Amino acid sequence: MNIKSALNRVVNQLDLSTDEMRDVMREIMTGQCTEAQIGAFLMGMRMKSETIDEIVGAVSVMRELADKVELKTLDGVVDIVGTGGDGANIFNVSTASAFVISAAGCTVAKHGNRAVSGKSGSADLLEAAGVYLNLTPVQVARCIDSVGIGFMFAQSHHSAMKHTAGPRRELGLRTLFNMLGPLTNPAGVRHQVVGVFNQALCRPLAEVLLRLGSKHVLVVHSQDGLDEFSLAAPTFVAELKNGEVTEYWVQPEDLGIKSQSLYGLAVESPAQSLELIRDALGRRKTEIGQKAAEMIVLNAGAALYAADHATSLKEGVALAHDALHTGLAREKLDELGAFTAVFKQENEA
């Protein structure tokens, strides 16, 4: 199916099959469509609402065209990532959590990008911390193998996305592509925590990942609107495990953490986010740093559970608490910066 045929279907509120969506996405991602066609298709899909079949088709093409990171094993390798777009401008919780996960002895293949609507994306934060971003897939694999954590800069691995950049920017609205980033990890991880901007997406995206071969995934959205586990409100979870998706709510107290407000956790820049994270990961914390640490532990614990490094969410949170308070997570952040600096010298020589 070509994009003109797809547009005719979509404007009449008719769904595409997985194979039809693959055909259209391949046209879009290989530069065969005009920007007007891409913009019209994205808006038509949003107004119709994307189906699980359509998202599966779109994700499979993005994965197919990605510059992949080949790891020795995917067993227990985890990613923690969010769609963004929650409007809260909270510090980079998932990125900070990644270093706690690594400090707990679990391998992390982190996928992320610069901020689109927020103040600080994962790439912005890591760059502020001195981490070199423009790594080759082989260099990322070496980071993961040697440091226990590596960062895959989305724009370096999904070059075909350049064809959608103009229409997405000009539309200025959430589209199908806001959902695709967290589902297209270039290392092909099968264990994830995925935060989403709308609770209604939790189960559908868990179903998408089930069909695409994921093993253990938590897709989450908090009652106070965050695309991650919240310290201040219950969080809704769609959990994919053992080939089935179950749904439930989790309170911080269920996991041994006291609920408290998010006051003080919003940031205005990557530098401010980094300052708060270094405070939270350090041995001596300010009051706000302690609160940030609790938020990090909550989310890192969920990822340790998704990685099957823990047998329950509560056990994962306990392991994350211990790992954060050793100070090793902060050392991991510095270690990744030093390790990638060597690649920067190689690449820019």
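Each Cβ is built from the backbone N, Cα and C atoms, and glycine gets one as well.
DSSP classifies N113 (anthranilate 1 binding site) as coil under the three-state reduction. Summarising the annotation, Swiss-Prot assigns anthranilate 1 binding site to G82, N113.
Sequence annotations record features per position, and here Swiss-Prot assigns 5-phospho-alpha-D-ribose 1-diphosphate binding site to G82, 85-86, 92-95, 110-118, S122 based on sequence analysis. Within the same chain, residues at least six positions away from G82 (anthranilate 1 binding site) with a Cβ under 8 Å of its Cβ are S94, P182, V194, G195, V196, D227, E228. G82 (anthranilate 1 binding site) falls within a strand segment according to DSSP.
Within 10 Å of the C-beta of E228 (Mg(2+) 1 binding site) there are 26 other C-beta atoms, taking all protein chains into account. Per Swiss-Prot, the feature Mg(2+) 1 binding site maps to S94, E228.
A C-beta separation below 8 Å, combined with a sequence spacing of at least six in one chain, links R168 (anthranilate 2 binding site) to L42, T175, F177. Here Swiss-Prot flags R168 as anthranilate 2 binding site.
According to DSSP, E228 (Mg(2+) 1 binding site) is assigned to coil rather than to any helix or strand. Under the heading Mg(2+) 2 binding site, Swiss-Prot lists D227, E228.
Reduced to three states, the DSSP call for T95 (5-phospho-alpha-D-ribose 1-diphosphate binding site) is helix. Rounded to a whole value, the Cα-Cα separation of T95 (5-phospho-alpha-D-ribose 1-diphosphate binding site) and N113 (anthranilate 1 binding site) is 11 Å. Sequence-distant neighbours of G112 (5-phospho-alpha-D-ribose 1-diphosphate binding site) (same chain, 6+ residues apart, CB-CB distance under 8 A): V81, S94, T95, G121, S122, A123, F151, M152, F153, A154. Minimal Cβ crowding within 10 Å, among the binding-site residues N92, S94, T95, N113, is found at N113.
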